[in-house]
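*Asks:* I grabbed these lines from TrEMBL:
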- HIS114: active site, proton acceptor (ACT_SITE)
- GLU54, ASP169: Ca(2+) 2 binding site (BINDING)
- ASP55, ILE116, ASN168, ASN224, ASP269, ASN270: Ca(2+) 1 binding site (BINDING)
- CYS43-CYS353: disulfide bond (DISULFID)
Amino acid sequence: MGKLAVLSLSFAALAVLIGERVITLRHLILYHRELSQNYLPNCHYVEGIECGAEDITILENGLAFLSTCVKHPDLPSYSDDPGKIYTLNLLDSKIKIKATNIKGDFDKDSFNPHGISLYTDDKDGAVYLFVVNHPQGKSQVEIFRFIEDENALQYIKTIKHELLHNVNDIVAVGTESFYATNDHYFTNGILKFVEPFLSLPWCDVVYYSPQTVQVVAGGFLLANGINISPDRRHLYVADILKHKIVVLEIQKNTVLSHVKEVDVGSLCDNIEVDRESGDLWLGCHPNGLKCVFHDPNDPPGSEVIRIENILSEKPRVTQLYSDDGSVIVASSVATQYGGKLLIGTVYQKALICDLKL
C-alpha cells in the first residue's frame, strides 16, 4: 500500500509539472493571441517568391538580397528545389527579382540558406555575403563575394565549428568574422523540443574569427535574429520566446555586456537596422502555435514592428503592419528602403508595400 501511495503521488506530481509546463509554453508562444488587420497601401507580392524569403537585407544603393526556400524539418516546404539567393533592386520600378549565379566549388544542390548578412570592406569596397546554410540539416556558414556586374556570388569558404551547432542568424563584422545566434542548445530533435518545454535559457551568441571562436553571450530562451547598430557598438538579439529584443554592448575583447531588454509583445524573428535612423525593423509571428502547425484553414498571421530610439530610456515600439494570414503567412523579416517596406516569410511569399510613416 505504501508503494502504491508513493507511486500515485509521483504520478500526480508529474501531472502537475506537465500541466504547469503546458500553461507556461502556451504563454511563451502567445497561444491565444489574435490579430486585427493593420494594412499598408499599395501592397503586392514579389513575383517569383513562392517558397519563402526567410531573411532579407539591403545594400546602401537599394539592392536587396533575399534568402529563399529554407527547408526546416518542422515546417512546410513549398518547393523541393534547393534554396537560392535573389537580388531585388528597390530603385527599379519593375520590382523584379534576379537569381544570383554562384561561382566556384560550391554544392548548389544541397544549398539550404537561412539567415544572411552583408559586409562592405572599407579598404576596397568589396561586398561580402555571409549565409547560414543547413545542408542535410547541419549548420555552417558560407562566405561569398558579390560580383555586381554579373549578379554573381563568388564562393570563398565554408566555416564549420562545434560551437556553431544550431545557427539561426548572423551579422558580419569583417571579411571573415561574424557574430551568430544558436537557436537551440541541443542538436537532437526530441531534446530541441524539451528546451522550450522546460524553459531552458541555454541559447547563445557566438563570435567567430579565424583567430578566435567563443561564446560571448548566453541566457536566451530561443535566440533568433541578430544585427548591429550603425555605429557598430551594440548588438541586438531577438529572444523570440521572451518576446524581447536584447541590447548588448560590444567590448574591446569582442565579449558582449548586457545593456537592456525591450518588450515587443510578439514572437519577433529577424532584425534589420536602418543605417540612418538606427531604427529596428522586425518581422514577427503573432501566434507561435499557428506558425508551427500551419493549418491552411487557420493560417499563421504576420506582423511588422518598428523600434525607435532603442538605446533611450523610453524606446518607441510601433506595429506598422499586421495580417491574420489571409495575405501573407508567417512573416520572418521586414526592412525598408526609399519609402517601401519589404516583408519576407519563412515558407510562403514576400510582400512589398508603400510606407506611411
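Positions of Cβ are set from backbone N, Cα and C atoms, glycine also.
Here the structure is a predicted model, which means the values were calculated and not measured.
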*Asks:* Mind giving me a neighbour count for ASN168 (Ca(2+) 1 binding site)? Other Cβ atoms within 10 Å of its Cβ, every protein chain shown.
*Replies:* 26
*Asks:* With every protein chain in view, what's the tally of Cβ atoms within 10 Å of the Cβ of ASN224 (Ca(2+) 1 binding site), excluding that atom itself?
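*Replies:* Within a 10 Å radius of the Cβ of ASN224 (Ca(2+) 1 binding site) lie 24 other Cβ atoms.
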*Asks:* Do you know offhand how many angstrom separate CYS353 (disulfide bond) and ASN270 (Ca(2+) 1 binding site) by C-alpha?
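*Replies:* So the Cα of ASN270 (Ca(2+) 1 binding site) lies 18 Å away from that of CYS353 (disulfide bond).
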*Asks:* Setting ASP55, ILE116, ASN168, ASN224, ASP269, ASN270 aside, what same-chain residues sit with their Cβ within 8 Å of the center of the Cβ atoms that define the Ca(2+) 1 site, listed in sequence order?
*Replies:* GLU54, HIS114, GLY115, ASP169, GLY225, ILE226, ALA238, ILE271, SER332, VAL333
*Asks:* Could you state the whole-number distance in Å separating the C-alpha atoms of ASN168 (Ca(2+) 1 binding site) and the residue listed as 'active site, proton acceptor'?
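*Replies:* About 7 Å separate the Cα atoms of these two residues.
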*Asks:* Roughly how many Å lie between the Cα atoms of ASP269 (Ca(2+) 1 binding site) and GLU54 (Ca(2+) 2 binding site), rounded to a whole value?
*Replies:* 9
*Asks:* May I ask for the distance between the residue listed as 'active site, proton acceptor' and ASN270 (Ca(2+) 1 binding site), taken between their Cα atoms and rounded to an integer number of Å?
*Replies:* 11
